[in-house]
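Peer 1: Provided herewith is a single structure, encoded as structure tokens, for subsequent inquiry.
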């Protein structure tokens, strides 16, 4: 071989014999391999870019668990852009034509990204395990900052393990033993070293992750059984028999979905708010100029809570609002409410008649701009509409009362007194937490299964080649190695299949609907109607 790696030729009796590119494959083979690998690479890139964009644009996805998935997507994106395409070129040409430096850089990037994927899966497995088995102690420490530290350590360990050895081994031993037309890790030329790295990089992590997942599954099933027993005992209480509406109220307090655009357009209102102390002094609140309201009263942003599908056959309950106070940050979500926390609000209802007799009120801020120094503190409130004696000001605004969900509604002729059973509330809360844990465990199981299926063939061939060097055909080596890359293609599909939020966000991004959705929501929540 010539010393200059950029001259693609060998010499026979001093005469250069140039290699013909793609000489080892027929034309149809080249076209087929190139087309298939190009499609897989494109799907990998698009899928993992969608994961990153989804994490950026959808705040619902910014959870601690999804930080680990974001890190995994970064590793998969590197593999989709660089590893897949360079390895395909290497296969089609039958030789490495980019030189030793490019070879070492590619191998370092490839092995660091692949090992980072394994490390991220380990971190996700331990995170799920501790979240299930130590919910009180571990979850208090489970913060985005801590997740960032763990992700950084996963990448740092992967870099330290592979990059220095791949790039510097030839200098440590004093020479490069890898032929110029080949690209492989020099220190893995010994079968025993290859065997050891396969054990450390694949078999041990897979064994640990499998054990952790089995324990996660067993603990989740145990908690599901305990919760079912608790729900069974709770459902036979007399309070539940007499007041079936309790379940609907508690569910409404926990869920506050945003209305659809059509509902928003039908139910836009303008409003102003004042403290209850103003009305108790005998002076009814009046709708005033928005600037005056902003100076004298805390502004509210609300969304109406509609009953879920499982509540449709139950008696209608009072609407529940999620209220965001624009305040100086003195309040906190954990504060206890008293009767003084009730709000009396003038709303100008522009609702249409629906099947239910209870009107739906959508309240918008009086002004689009708020002082930057103010903070948002979220509370959940119940909207109580008085049927008799409802006051109306000269602008046609009706007075309604907003009560905290935790504050019982006074028994008035026009309202239903709802006082949820505390034990039932606890059961509901436990069920919601358990549902989230089960979804996270399902995502982990899908990712882990995909990892085992795609990585096992290659690592089995590594073990076989240790004892029988010529037993594995070159074609199988290529397929096994490429199958490891396919894991990066499958991971985003697993996220979409197991996580509804990912799936919906992917769909909106692919259909270019996300920007339109954001604009509509911004217009709605800022309020597109002004006070008269």
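The backbone N, Cα and C atoms fix where each Cβ goes, and this holds for glycine too.
Note that this is a predicted model, so its numbers are computed, not measured.
As listed in Swiss-Prot for this protein:
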type	residues	note
COMPBIAS	269-281	compositional bias 'Low complexity'
COMPBIAS	282-308	compositional bias 'Polar residues'
CARBOHYD	8	N-linked glycosylation site
MOD_RES	501	phosphothreonine
MOD_RES	505	phosphothreonine
REGION	262-365	region 'Disordered'
TOPO_DOM	1-29	topological domain 'Extracellular'
TOPO_DOM	88-104	topological domain 'Extracellular'
TOPO_DOM	170-191	topological domain 'Extracellular'
TOPO_DOM	465-478	topological domain 'Extracellular'
TRANSMEM	30-53	transmembrane segment
TRANSMEM	67-87	transmembrane segment
TRANSMEM	105-126	transmembrane segment
TRANSMEM	147-169	transmembrane segment
TRANSMEM	192-214	transmembrane segment
TRANSMEM	444-464	transmembrane segment
TRANSMEM	479-498	transmembrane segment
Peer 1: Taking contact to mean 3 or more CB pairs closer than 8 A (sequence separation of 6 or more), are the transmembrane segment (105-126) and the transmembrane segment (192-214) in contact?
Peer 2: yes
Peer 1: Give the one range among 30-53, 67-87, 192-214, 444-464, 479-498 whose Cβ atoms make the most pairs under 8 Å with those of the transmembrane segment (147-169).
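Peer 2: Against the transmembrane segment (147-169), the leading stretch is 67-87.
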Peer 1: Around residue 501 (phosphothreonine), how many other CB atoms lie within 10 A of its CB?
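Peer 2: So the Cβ neighbour count for residue 501 (phosphothreonine) comes to 16.
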Peer 1: Determine which residues of the chain contact the topological domain 'Extracellular' (170-191) at the Cβ level, with the cut-off under 8 Å and only residues 6 or more beyond its ends counted.
Peer 2: 1-2, 5, 90, 95-97, 99-100, 103, 106-107, 111, 197, 465-467, 469
Peer 1: For the topological domain 'Extracellular' (170-191), how many residues does DSSP put in helix, in strand and in coil?
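Peer 2: Tallying H, G and I as helix, E and B as strand, the rest coil: 8 helix, 0 strand, 14 coil.
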Peer 1: Using Cβ-Cβ distances, find the residues under 8 Å from residue 505 (phosphothreonine) that belong to the same chain and are at least 6 apart in sequence, listing them in sequence order.
Peer 2: 54, 57, 58, 61, 514
Peer 1: How about long-range neighbours of the topological domain 'Extracellular' (465-478): same chain, 6 or more residues beyond its ends, C-beta under 8 Å?
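Peer 2: Apart from its flanks, the topological domain 'Extracellular' (465-478) reaches 91, 191-192, 194-195.
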